[in-house]
Structures are given as C-alpha cells and as structure tokens.
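Trainee: Before we start, here is the structure in question, set down as structure tokens.
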Amino acid sequence: MTIAIYAGSFDPVTNGHIDVLKGALRLADQVIVAIGMHPGKKPLFSFDERVALIEASAKAVLHKDAARVSVIAFDGLVIDAARKHGAQLMVRGLRDGTDLDYEMQMAGMNGTMAPELQTVFLPADPAVRTITATLVRQIASMGGDIKPFVPVPVAAALNTKFKS
C-alpha cells in the first residue's frame, strides 16, 4: 500500500489544499494530512478545529475517497512524521516559481535526511493557484466573500469565527 503525507498548517484548509489532496489520492492509496504544530505561532483555528474542518471538507468534496484520508498533528520534522506513519511519498503543492524554489530546497534537504522518502510536486490547478490561507483569513476578517476560495464547511466556520 502506498502512503503519502501532505504537511501544512491548514489554517484554514482552502480549495488549493483540496486540489493537492485530490492529486495525492491519485498517486497513493492513503493520504495523511499532517498539521504542523508551531509553538511560536497563534493559529486562527485550534488543532481540533482544523482536524474537523479538514475531515468535513474531505467528506464534502471527496465523498467516498474521504475514507482514504487521515489527519494527524506533528511537531518537529515532517520526515519524522512520515517515517512514523509509514509514508513513502511526501506531496507538495506548487502555485508558482517562488513555491518551486523553496520546495526544491526543502526536497533536497529532506532527500539527504530521508532518502527513502520521495517528494512529489503537484502543480496547482490554475483556478486555485492564487489562493492562500493568509489571504482567505484577511478577506474573511474584513467581511469579504470567501466562498470561492474554501470548501463550504470552512466558509461557515470562518463566518462564525469573525462574527463573534
């Protein structure tokens, strides 16, 4: 069985993340969505909220394939999380050349530390290429319409978060 790991902060999960997740599911039997925990950062959504949003979004968008997705937290190196969970592939999404430059450096470092783990780059669909979680949070905080950028469960959660 091929297992892929897809790491990020997912604060919140966006349609861009879901696009990469769909691509990962074409390559692997199981995809682990790994939420990185950074002690110095204050996320908008708690870990439990992000897990719930990823799971709800996967069910809403991926339907039966959602059963092939699991969500974990990790701190430290993603390669350690990949090893712990038996992943052979590390999936990374690319929006533009800036992402490529950064991700190539990371793939090189990860490849040196964990040669058994193959990094796979998935170019973002043009329809989601400009979406970032940071911009989604900013738009939502100013009362803008974020529905084109996030799955329905995330739009509802953002609207609730910023109305309170």
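Backbone N, Cα and C define each Cβ position, glycine as well.
According to Swiss-Prot:
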BINDING   Ser9, Lys41, Val78, Arg92  substrate binding site
BINDING   Ser9, Phe10, His17, Gly93, Leu94, Arg95, Glu103, Val128, Arg129, Thr130, Ile131, Thr132, Ala133, Thr134  ATP binding site
SITE      His17  site 'Transition state stabilizer'
Trainee: What subset of the binding-site residues Leu94, Glu103, Arg129, Ile131, Ala133 lies within 10 angstroms of Ser9 (substrate binding site), using C-alpha positions?
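Mentor: So the list reads Ala133.
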Trainee: So what sits near Val78 (substrate binding site) in its own chain, CB-to-CB under 8 Å and at least six residues off in sequence?
Mentor: Ile5, Ala7, Ala34, Gly36, Met90, Asn110
Trainee: Give me the CA-CA distance between Arg92 (substrate binding site) and Ile131 (ATP binding site), in Å, as a whole number.
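Mentor: Their Cα atoms are separated by 15 Å.
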Trainee: Which entry in the list of binding-site residues, Leu94, Ile131, Ala133, has its Cβ near the fewest other Cβ atoms, using 10 Å as the limit?
Mentor: Leu94
Trainee: Can you tell which of the binding-site residues His17, Leu94, Glu103, Ala133 lies nearest to Lys41 (substrate binding site) in space, using Cα positions?
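Mentor: Of the binding-site residues His17, Leu94, Glu103, Ala133, Ala133 has its Cα closest to that of Lys41 (substrate binding site).
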Trainee: For His17, Arg92, Arg129, listed as binding-site residues, tell me which one has the smallest number of other Cβ atoms within 10 Å.
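Mentor: Relative to the other binding-site residues in His17, Arg92, Arg129, Arg129 has the fewest Cβ atoms within 10 Å.
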Trainee: Tell me the Cβ contacts of Glu103 (ATP binding site) under 8 Å, same chain only and six or more apart in sequence, or just say none.
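Mentor: Same-chain residues close to Glu103 (ATP binding site) (Cβ under 8 Å, separated by 6 or more) are Arg92, Leu94, Thr119, Phe121.
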